[in-house]
Amino acid sequence: MAESSTIQSHSYSLYTPGGRRTLFVSLISIAIFTPTLLTEYLEPVVTFFPIVALVAIAMVRTGWPAAIPTWTIFNIFSVYLMIYAGYSFGTKLPATLLILFLLGMLVYDLIGVKGGQMQSMAAKMISYGIPIFILVPHSKTFSFEKFREIVSEEGLEGLHGSDHGISMLGIGDGFLPGALAVSAGAYGAAAQFGALSITLPQFTTALGGIIGLGLLMWAELPKAIAALIVSVPGALIGFGVGLLVETLVF
């Protein structure tokens, strides 16, 4: 699910449309390519996940440390969670099952966003201080505590037109393409780059998901849509292209 509530942009680069897009694409790229490139090294991410999750929730709920904006802590853990989920799903499920799962989640996301269930769930998670979204504020005066207060009292709709508006992307929109990219490592010969390795289908799957979400971020729509409608087709097209090229060329 992606959500954007528009307010007047500030001159500071992060709070301009271009700055928001750059940050979103950067975070999504990290979340998708990290499990794809570092699959064999990520078991500690699974091992320490419960501890990291508890610490992250405590930091978000208390606003500690005060020197770091809480929304930054929120995003760091959300990216960590995307990496964890992408690695876990991608190493446990074959690509064929993941494709069916992605298509099922796409339908679920479409129904949930249209019916408002996804927005309601997002508001509850935010009010509880549970970081399962990437969010970028639209204003330099953004306050995470005020943001949580508005969402708790009025829902996401209360953010529109306020100084605490955000653009937001759910973790599923990023980790599902990442999971397929990890699973695509079973296809094709891996290219080695030092300690890193990646197959062509992995690269094109990851790139397809990122491009799909990048186009959505570029559009910056004023209301929530099912972001899987772009990330899933992007990843699937990338997977198909990678397999085709691998078969025909290599």
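If you go along the chain as it appears here, the first residue is 1 and each next one adds 1.
Cβ coordinates come from backbone N, Cα and C, glycine included.
Because TrEMBL annotations are produced automatically, they should be read as predictions rather than curated entries.
Owing to the predicted nature of the structure, the values given are computational and were not obtained by experimental measurement.
The range from 21-39, 116-134, 173-191 that TrEMBL describes as transmembrane segment is residues 21-39.
Spatially, the transmembrane segment (225-245) is not adjacent to the transmembrane segment (45-64); fewer than three Cβ-Cβ distances between them are under 8 Å for residues at least 6 apart in sequence.
Long-range neighbours of the transmembrane segment (200-219) within the same chain, counting only residues 6 or more positions beyond its ends whose Cβ lies under 8 Å from a Cβ of the stretch, are 2, 20-21, 24-25, 28-29, 32-33, 36, 167, 169, 173-174, 176-178, 180-182, 184-185, 187-188, 191, 225, 227, 230-239, 241-243, 245-246, 250. Here the transmembrane segment (95-113) has Cβ contacts under 8 Å with residues 1, 89, 119, 121, 172, 176-177, 179-180, 183-184, 186-187, 224-229, 232, 235-236, 239 of the same chain, all six or more residues outside its ends.
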